[in-house]
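Here's the structure we're looking at; comments come further down.
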Amino acid sequence: MGACMALCSLASCASCLCGSAPCLLCSCCPSSKNSTVTRLVFSFFLLLGTLVSVIMILPGMEAQLQQIPGFCQGGSTIPGLENHVNCEVIVGYKSVYRMCFAMTCFFFFFSAIMVRVKSSKDPRAAIQNGFWFFKFLILVGITVGAFFIQDGTFHTVWFYFGVVGSFIFIIIQLILLIDFAHSWNKIWVGNAEEGNSKCWFAGLLLFTFLHYALALTAVVLFYVYYTQSDNCTEHKVFISLNLIFSVIISIISVLPKVQEAQPQSGLLQASIISLYTMYVTWSAMTNNPNRKCNPSLLALVSNVSLSESTPTNAPGQVQWWDAQSIVGLVIFLFCTLYASIRSSSNAQMNKLMQTEEGGGGYGGEGEAGKDGVHRAVDNEEEEVTYSYSFFHFHLCLASLYIMMTLTNWYQYGTYFTMPAVWVKISSSWLGLGLYLWTLLAPLIFPDRDFS
C-alpha cells in the first residue's frame with residue numbers, strides 16, 4: 001500500500017515537472033498564482049547557479065579536486081587511469097564565467113521565444129509555466145557545454161558583455177528600489193490614516209532618519225579612508241557630486257509643488273535612494289587600481305599599511321568575499337525576490353518594468369482539490385500580469401551581474417580596472433536622474449497620469 005501511495009505521489013509530481021501546470025502545492029503551502037510561482041521557480045534556477053558559482057570560486061577548491069585520484073590533470077593518479085580534467089577551468093574565475101555564460105544563454109533563449117505572449121492561452125505559455133524538469137536538463141546541458149569552451153579570447157570578450165549587462169542591471173535594481181520605497185511609503189501612510197497615526201508616522205520618521213544617518217556616515221568614512229590630501233581626485237569628485245545630488249533630490253521630494261502633483265513622494269524614498277547611491281559609490285571606489293586610494297577592508301580593520309594591502313592574487317585566484325561583494329549579493333537577492341513577487345500600484349513603474357497593475361501579487365486565492373492539495377491558480381487566462389520576455393531578460397542581466405560581482409569585476413591580468421569604476425559611478429548618476437524624473441515628470445507633463 002505504501003509503495004502504491006508513493007507511486008501516485010511520484011506521478012503527481014511528474015505532472016508538475018513535465019506538464020503545463022505551474023506548480024503542485026502541498027497542503028501546508030500557501031495558495032498562490034501561476035504568475036508568481038513561475039517567477040519564483042525561474043529565480044530559484046538563478047540562485048542555484050549562483051550557489052554553484054560561489055562553491056566553484058571558494059579558496060582551496062582546486063587543491064581539493066587535485067586530491068581526487070584520476071580526476072585532475074597533474075593531480076594524484078591511479079595506476080592505469082589517466083587524468084583528463086583541467087581543474088583550472090572548473091574552479092576560480094574561469095568557472096564562474098562559464099557558469100554565468102550558461103545561465104545568460106538559458107534566460108536569453110527564453111526571453112527570445114517568449115516575445116509578445118499575451119495570455120496563458122498562447123501555446124508558449126505552457127512552456128513558460130511548466131516542463132520544469134526539462135528546463136533543468138536544458139540548463140545543465142548548456143552548463144556542461146560551456147566548460148568545453150576554449151580559453152582564447154572568451155574571457156576578454158565575455159568580460160565586456162558582463163560590464164554592459166551589469167550596468168543595465170544596476171539601473172534595474174535602482175528602479176526596483178524606487179518602486180519598493182514608494183510601496184513602503186504608501187502602505188505605511190495608508191495605515192497611519194486608518195489607525196494609530198503616531199505609531200506609523202514615527203516608524204516612517206525612524207527609518208528615514210536611519211537611512212540618512214547611514215548615508216552621511218558613509219560619506220564621512222569615504223572622505224577619511226578613500227581620499228588623500230594630494231591624491232584620489234576622482235574619489236573626491238565622486239563622493240562630493242553624489243552627496244550634492246542626494247541633497248538635491250531630498251529637497252525636491254518635499255517641495256510643495258512636487259507634493260501636490262506627487263502626493264506619495266517624500267523623504268523616505270529619497271533616503272533609500274541616497275543610501276543606495278552611497279553603496280554604489282563605495283562599490284566603484286573599491287575597484288580603483290590605485291591602491292593608495294583603495295585600501296582593503298581588512299587593511300582598514302587591522303591597520304595594515306596601504307603598501308602591504310596590495311593583492312597578490314594570481315590569475316584565476318579571485319577574492320570575491322570582500323565586503324562590497326557580499327553587500328552586492330544581498331541587494332541582488334532582495335531585488336530578485338522582489339521582482340518575482342512584486343505587485344505595484346504605480347502605473348508608470350509598471351509600464352517601465354513591463355507588468356500590469358496589481359499583477360503577480362503576493363498571494364492569491366488558491367484552489368484546493370478534493371484531495372486537499374493546493375494548486376496554483378491560472379490568473380493569466382485573459383492577459384499576462386508581467387512580460388515573460390522582459391522577466392527573462394532581467395534574469396539574463398542578473399546572471400551577468402552575478403558574474404561580475406563574484407569575480408570582483410576581475411579582468412584577466414588586471415585585478416582592478418577603471419572601466420568597472422566608471423560603469424558603477426555612471427549608473428549611480430543615471431539612477432539618480434531616473435528618480436529625479438519620477439518627481440518632476442508630473443510637473444512637466446501635468447496632463448498625463450503618473451499615479
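Even glycines carry a Cβ here, placed using N, Cα and C.
In TrEMBL, annotation is done automatically, which means it is predicted and not curated.
Owing to the predicted nature of the structure, the values given are computational and were not obtained by experimental measurement.
According to TrEMBL, the feature signal peptide maps to 1-16.
Under the heading transmembrane segment, TrEMBL lists 36-58 (among others).
The transmembrane segment annotation in TrEMBL covers 96-117 (among others). Remote same-chain partners of the transmembrane segment (96-117), defined as residues 6 or more beyond its termini with a Cβ less than 8 Å from a stretch Cβ, comprise 42, 45-46, 49, 52-53, 56-57, 89, 124-125, 127-128, 138-139, 142-143, 145-147, 149, 154-155, 158, 161-162, 165, 318, 384, 388-390, 392-393, 395-396, 399-400, 402-403, 406-407.
The annotation transmembrane segment is assigned in TrEMBL to 129-150 (among others).
Positions annotated as transmembrane segment by TrEMBL: 157-180 (among others).
Residues of the same chain lying 6 or more positions beyond the ends of the transmembrane segment (200-225) and with a Cβ under 8 Å from any Cβ of it are 185, 188-189, 191-192, 235-236, 239, 243, 246, 266-268, 271-272, 274-275, 277-279, 281-282, 285, 295, 300. If you look up TrEMBL, you'll see 200-225 (among others) marked as transmembrane segment.
Per TrEMBL, transmembrane segment is recorded for 237-255 (among others).
Residues 170, 173-174, 177-178, 180-182, 184-185, 204, 207-208, 211-212, 214-215, 218-219, 222, 226, 235, 238-239, 242, 245-246, 249-250, 253-254, 293-294, 324, 327-328, 331, 420-425, 427-428, 431-432, 435 of the same chain sit 6 or more residues outside the transmembrane segment (267-285) yet have a Cβ under 8 Å from a Cβ within it. According to TrEMBL, the transmembrane segment annotation covers 267-285 (among others).
The transmembrane segment annotation in TrEMBL covers 320-341 (among others).
Sequence annotations record features per position, and here TrEMBL assigns transmembrane segment to 390-410 (among others).
If you look up TrEMBL, you'll see 422-445 (among others) marked as transmembrane segment.
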> Are the transmembrane segment (129-150) and the transmembrane segment (422-445) near each other by the rule of at least 3 C-beta pairs under 8 angstroms (pairs 6 or more apart)?
Replying inline: no
